[in-house]
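Trainee: Sharing a structure, written as structure tokens. Questions coming.
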Amino acid sequence: MLTCTIRSLRPRGSSTCLRRGVARSAARFTGTSTNSTSSRSEDSSSGKGARISGEIGRNLGRSYLYVPSTAERMLEKSLTTPSDVIIYDLEDSVPPSPANKNSARARLAHFLSSRAGSLLSPERIAMRLNSNATPFFAEDIIQAMRLPCVRTLVLPKVHSAQDLHHVSEEIYFAYRAHKFRSPDDPPVQLVASIESAKAMYNLGEIASWQSSWGAAAGGKLVALLFAAEDYCADTGIIRTTSRQELLYTRSHIVVTAKAFGLGAIDMVCVNYKDPEYLRDECADGRRLGFTGKQAIHPIQVDTIQSTFVPTSKEILRAAKILEQMKKAHLSNRGAAGLELEGGGIEMIDAPMIKQAENVVRTARAAGLPIPDVA
């Protein structure tokens with residue numbers, strides 16, 4: 001990942017090194033080169049620019065579409081959805097009786113094991129299990145571990161790090177005792193669903209959790225997911241269309257996730273037949289820092305995925321910042337001015353480079369054009 005944590009890493013008296021580093025960072029993103037030393041030439045020839053270009057088409061994790069495992073028709077339809085991630089659901093969308101839970105699990109297992117030639121890539125497949133406090137969990141996780149195409153598990157009702165430890169223990173036994181998978185396979189990715197006051201109280205503990213058996217054998221936490229309806233039911237919070245009552249909770253989840261290098265997945269928009277409200281809620285979530293959003297209907301996917309990427313104005317501004325700062329540092333200056341659309345000049349300096357890099361990186365990964373501002 002290309003970052004520029006300048007203020008935290010800068011030793012006193014290192015302004016020349018700082019300017020060179022920032023110019024080099026800006027050049028990587030704008031596709032130009034700085035005056036080369038041999039090490040810089042090696043950076044260019046070793047493919048750092050190619051590495052960024054190669055991110056085009058990677059899974060951005062913008063939309064997470066739930067697909068009930070209750071009907072074959074819905075499972076088949078999932079193969080044609082453009083959603084970045086499909087969450088095959090064994091929990092809330094399945095009636096709570098043992099017969100329904102067992103048939104849904106068997107149906108999903110047969111579907112995933114018999115569609116080898118037409119399945120989505122494993123990076124796009126997730127399975128939501130029943131809570132580890134239910135009698136269905138043990139069979140759910142054994143079945144999930146039998147399916148190598150399932151690399152991500154969404155874990156409902158994670159109230160503490162102990163819940164993650166319990167799941168990790170089952171993953172470890174699946175590797176060691178049942179031999180369902182090889183530890184050489186990619187680690188099982190875990191998404192913790194935050195649904196209660198207790199989970200919020202323990203959020204730092206949850207986000208910092210690591211498996212006692214290591215990521216390869218016990219799974220790796222990759223994201224926090226906000227389950228707003230469950231959370232409101234637990235806390236007594238009354239939902240409104242303003243979302244103001246959830247501002248603290250959503251912000252806290254984002255900040256905690258970012259503190260530990262995790263993704264942050266925003267709540268479901270339950271009013272799925274109002275596209276304008278969905279777009280507004282998506283934009284709100286992106287402003288708060290969420291990296292993606294849950295969907296409960298295929299018609300929500302395009303809006304979510306088109307919102308959780310930089311706008312053309314944001315991309316243009318980011319490209320200008322990187323170009324201006326590259327020129328500023330080559331001229332031995334630590335800041336530069338950026339002309340604003342409505343008039344005036346905005347002062348830009350080192351912290352804004354990281355923001356601009358993030359915008360350009362995401363845009364390239366989404367296949368969006370980066371304007372030439374040189």
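Counting starts with 1 at the first residue shown.
Using N, Cα and C of the backbone, Cβ positions are placed for all residues, glycine too.
Annotations in TrEMBL come from automatic prediction, not curation.
So TrEMBL lists the following for this protein:
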- 28-54: region 'Disordered' (REGION)
- 30-39: compositional bias 'Low complexity' (COMPBIAS)
- 62-298: domain 'HpcH/HpaI aldolase/citrate lyase' (DOMAIN)
- Arg128, Glu195: substrate binding site (BINDING)
- Glu195, Asp230: Mg(2+) binding site (BINDING)
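Mind mapping these onto the model and telling me what they sit next to?
Mentor: If you draw a 10 Å sphere around the CB of Glu195 (substrate binding site), it holds 24 other CB atoms from the protein chains shown.
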Trainee: Between Glu195 (substrate binding site) and Asp230 (Mg(2+) binding site), find the distance joining the two CA atoms and give it rounded to the nearest Å.
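Mentor: The separation of the Cα atoms works out to 5 Å.
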Trainee: Return the residue, from the listed binding-site residues Arg128, Asp230, with the maximum count of other C-beta atoms within 10 angstroms of its C-beta.
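Mentor: It comes out as Arg128.
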Trainee: Between the Cα atoms of Asp230 (Mg(2+) binding site) and Arg128 (substrate binding site), what distance do you get, rounded to the nearest Å?
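Mentor: Each residue's Cα considered, Asp230 (Mg(2+) binding site) and Arg128 (substrate binding site) end up 15 Å apart.
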